[in-house]
Amino acid sequence: MLGAATRHSGFRCATLAFLSLAGTAAGLLLPATLGRALDALLTDPSRATNWVLRCTALMLVLAVLDACETVLGATTSARATAWLRERLTGHVLGVGPRVGHRFGPGELVARLVGNAAQAGTAPATLAGLFAALAAPLGAVVALWLIDPRLALVFLGGVPIVVAVLRAFARNSSRCVARYQDAQGRIAGALAEAIGGARTIAAGGTADKEVARILRPLPELSREGHRMWRVQGRAAAQAVGVAPLLQIAVLATAGLLLTQHRLSVGELLAASRYAVLATGVGVLVGRLGGLVEARASARRLGEVLDEPETTYRRRHLPPGQGTLELRAVTARNRDGRTVLDGVDLVVPGGTTMAVVGRSGAGKSLLAALAGRLADPDSGEVLLDGVPLRELDRPTLRRAIGYAFERPALLGETVEDTIGFGHPTPPPGRVREAARTARADDFVRRLPHGYATPCTAAPLSGGEAQRLGLARAFARGGRLLILDDALSSLDTVTEHHVTEALFRRTPGYGRLVVAHRASTAARADSVTWLDGGHVRAVGRHAELWAQPGYRAVFGSDTGDERNGGSS
Ligand SMILES: Nc1ncnc2c1ncn2[C@@H]1O[C@H](COP(=O)(O)OP(=O)(O)OP(=O)(O)O)[C@@H](O)[C@H]1O
């Protein structure tokens, strides 16, 4: 993941590394130039101006390079973050609902926002790290050039510095990973609570919820403190070692000066190179940044590892939306088999209701029927073609969905009904709204169909009618309603199902139903029980069985005709 982000910012990263290295080179030249200027001032003042001017030029170059590095570093991080977020968002939507089931919306948002921003700093940090490494290395070489003994004295203390840095990288990466996990859990619980705000308010459990959301807080605090301790320890050890090394180099340089092997200027240069060579503080900072970026990238990588749904290139032959499930087995995310070898045919041009007790797998079957999920084994076919072999536009044009709680996406009410690709023409949107019995209430909204969704507070039934209108407007040869009629009043439900179930040739309908009235109007009913299809038949025939009646919470025959006749 880090490699991909760095490759994406390749040119900027290379420029940044070049600027950082140029800054390091200028920084390394400065002590030698200062030393020369000092020697010239002491021995031959006529040459001193020249050296002083060189020192001034180097300082100017350093200031300009530093400014460029700051701007380029910030924009490189911003661009890498934007690229990561775009890639991740595309991937999450490409995988489909499965990824939401695995990570939860809060955790995904935390990764997409927080972790992507941290991982996005990696290319700039990496470029800076090279420069931060080059400075001490260059300083040691400079010490060697002044006098090899100075470099040897310094190198004697290097193993301690390396040990400090290694311990820092190892310990801090553990703390950072745990810290980010705790952050993700808080975000996940918060998103759940926001989604369930009504339930929490009704239950009067706000305080308990706050406690639940913030449960990982002590762990967060513990890991945060541990991180500071690791960083503090590394800095303290570095601070302890650095002055000792600097004094050793300076003492050696002083000795060499008394033996006339070094000039005063070289002593000055050596003292500054000793400071540069022990500049572990910058390295610790850069290394810390890289550790955080790596931990974040690991969390993004987990999301990207979730395989995207793949499509093939087949198209559909002419047909009326015949749906077929062949030996379909599907498990939930805990590995429990929900549907076990289900065989089912919904003949084109007919309506089939799917009924069963809560948790029987009706919604899962609806998801498999339109390839919102793939079965673990078996095959789902539309007009004889396996769904896995269809190309995406063909699949999505052929199958329309309406859900129990439709998401009202789009700017206006008209947008939300026409949501999808291609956008249906306005005439079709109105017609679909009339079929779904949504036209009346939409026209009563402040700006009718142009009312922004945010300014249209809708009841559950109204939202469901917009969801139904969306499915009708999109058309297609198979329409799947997953409990999409549950919030409609019985009169509206009657009208909608009449319009929907009217023997309209040309497309099939699969309707997850909880009400006997809905099942009664379908051409046939599939009764799911214990992972299997227990029976397929007409509602009136199945009603004779007590087990079937119990699905609707009734053991009397009163609802035989759906209670609506
Ligand atoms: N798209 C899906 N992918 C994987 N598992 C799913 C999917 N939809 C539902 N499940 C799982 O299938 C099991 C049955 O849930 P499902 O929602 O299908 O039952 P249901 O019969 O529709 O229940 P209810 O009438 O209460 O809505 C659950 O364990 C659920 O987590």
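Using N, Cα and C of the backbone, Cβ positions are placed for all residues, glycine too.
Positions annotated as domain 'ABC transmembrane type-1' by TrEMBL: 14-279.
Taken from TrEMBL, the feature domain 'ABC transporter' covers 323-555.
Under the heading transmembrane segment, TrEMBL lists 51-75 (among others).
Per TrEMBL, the feature transmembrane segment maps to 126-146 (among others). Tertiary neighbourhood of the transmembrane segment (126-146): same-chain residues 2, 6, 13-14, 16-17, 20-21, 23-25, 27-28, 31-32, 69, 73, 76, 154-155, 249, 253, 262, 266, 269-270, 273-274, 276-280, 282-283, 286-287, 290, selected by CB-CB distance under 8 Å and a gap of 6+ residues from either end.
Summarising the annotation, TrEMBL assigns transmembrane segment to 152-169 (among others).
Residues or ranges marked as transmembrane segment by TrEMBL: 234-258 (among others).
The transmembrane segment annotation in TrEMBL covers 270-289 (among others). Same-chain residues lying 6+ beyond the ends of the transmembrane segment (270-289) with a Cβ under 8 Å from its Cβ atoms: 27-28, 30-31, 34, 121, 125, 128-129, 132-133, 135-136, 138-140, 142-143, 146-147, 150, 154, 161, 164-165, 168-169, 172, 231, 234-235, 238-239, 241-242, 245-246, 249-250, 253, 262.
Sequence-distant contacts of the transmembrane segment (51-75), counting only residues of its own chain at least 6 positions beyond either end whose CB sits under 8 Å from a CB of the stretch, comprise 12, 15-16, 19-20, 22-23, 26-27, 29-30, 33-34, 36-37, 40, 124, 127-128.
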